Amino acid sequence: MIQLLLGLLAIIFIGFYSYYLFRKKLLSPTIISCISWGVFIFIYIIFYRYIAYEVSFKTINIIIGSIIFTLMGEFIARKIVFRKEKNIKKREKRKFYISTPKYWTYFICFMSIIIAIYRFYDLYKFSLTIGNNQGILGTLSSSRLAYAMGEYTGGNLFVSLLTIVSEIFCYSYIFILLNNFICFKTIERRNILPIVSYCLIVISFNNRTEYLKIGFAFIIVLIYFIYSYPNIFNIKKQILKKIVQIVFIIAVLFFVYGNLTREKAEDSKIINEIIAYSSASIVGLDQYLNNPWDNNPYFGFYTLKGTYDFLGIKHDSVAPHHLKFFSYGDGTYSSNIYTSLVLPIQDYGIIGMLISRMIISFTCTKIFNRTILEKIGNKMFLLIIMSSLFGYMYINTPIADRFYGYLLSPDTLIKYTVYTYIVICFLLKYKLIIEEDTNLE
C-alpha cells in the first residue's frame, strides 16, 4: 500500500509542476496522463481490500518514468518547437456564427440512422451464429467477446466508409453546436442530430470507450474557446465545471452501457465494474513485470501489425486479439487489461517504451498547440478531430495501448488525416457569418 501512496503523491506533484511549468495550459498530455494514472491509483487504494494485491515499487517506478518522459516530450515541443509563439501577440479572433444547411444536415442524420440500423442488424445476425438465444436484447452481450477478439469486422467496406463520414460530421457538429451556443447563446436543434445519430452507430461497435472520444471532443472545443475568446468566460471555474459535468455523464453512461453488454449470469455490481476497467490494469502490469511473456518471434510482434499488413508483409504467427488473463482478489476476479505500457515494453524494452512516450507526447503537444492557434475553417475541423483522438489515447493510458492502433497503423493514419480532410472539404457544408453581420446579439 505504501508504494501506491508514494506513487500517487509523485504523480500529483508532477501534475501540478507541469501545470505551472507550461503556464497553466489545460491541453497537456502530461496533465492528462497524471489525471488518468492518479485517478486509477486512487481507485486502487480505495478498493484495495477487494483487489488484495500488493504492487511492487518497480511497477510504480515504471509508471512514473513513463509520465516523466511524457513531460520531457512536451517540454521539448513547447520550449523549442514553439519557442517563437511566446513572442507572438495573440491575434484578435473575430466571432463567427456557423450556419449549416437544414436539409443537408437532415440527410446526414438520416444516413447515420440507416447505418446504425444496418450495423446493429448485421451484428444481431452474427450473434445468432454464436449462441445468442435472447433475441435482439441479447445482441450486445452475446457478441461482446467475439467483437473484442476480432471475429466480427462490422459490415462491408462501403458501410465502414460511411461510418467514418458520420464520425467526422459528429465531431464537426460538436464544434458548430458549441461555437454558436458559446458565442451567440443560440442552439439550432438540427445541429444536435448528427451527434446523436453517430452515438447510435457507436452502439454497434460494442466498445464503450468510443464514447470517450466524443466526450473528449466536447472538452477540446470548450478549451479552444477558453483561449480564443477569454472574455466570454468570467472565470475558468465555469468551464471547468462544465468539463466535470461532461466527465460525470460519460462515466455514468460508460458503466450503464457496460452492464447492458454483459451476460445476465455475470456479476455486474458497480464495484467490480470499476475495478475491472481501472485498477485491474495496474495488477496486470505488475504481474507482467514480475513474469514477462516469452520472447517475440519477430520485431514489433504486438504493436506493428498494422504496419506489416499495410506493407503486405506476412508472418507465420500473429499477435492474439485477446491477451492472456490474470487473476486478482485472491483468485476471485480475472482480467486481461495491462495498461498502455506492457505491449511497447514487450516489443521494444523499457527504454524503448520510455522513448516512445516522449515522441508521442512531442507529437501530441504540437497538434494541441496548432488546434488552439488555428482559425475557424476546414483545417481547424481536422485538428479538432485529431486532438480528440490524442486525448482519447491519453485518457486510456492506464487501461490499454491505443497509441499503436492509431499511430503505427498506416491505414488508420490515412483515415484520420487524408480521408478525413477530403470529407471535410467536399461534404461538410457550412457558412461563416461575421458577428456584426448577425442579428443574434
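Cβ coordinates are placed from backbone N, Cα and C, and glycine is handled just like the others.
Some features that TrEMBL has for this protein:
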TRANSMEM  6-22  transmembrane segment
TRANSMEM  34-53  transmembrane segment
TRANSMEM  59-82  transmembrane segment
TRANSMEM  103-121  transmembrane segment
TRANSMEM  157-178  transmembrane segment
TRANSMEM  211-227  transmembrane segment
TRANSMEM  239-258  transmembrane segment
TRANSMEM  380-396  transmembrane segment
TRANSMEM  416-434  transmembrane segment
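Take the transmembrane segment (59-82) and the stretches 6-22, 34-53, 157-178, 211-227, 380-396: counting Cβ pairs under 8 Å, 6-22 has the most. When Cβ distances are compared across the two stretches, the transmembrane segment (157-178) makes contact with the transmembrane segment (380-396), since 3 or more pairs at least 6 residues apart fall below 8 angstroms. Residues 28, 30-31, 34-35, 37-38, 41-42, 45, 60, 63-64, 67-68, 71, 74-75, 78 of the same chain sit 6 or more residues outside the transmembrane segment (6-22) yet have a Cβ under 8 Å from a Cβ within it.
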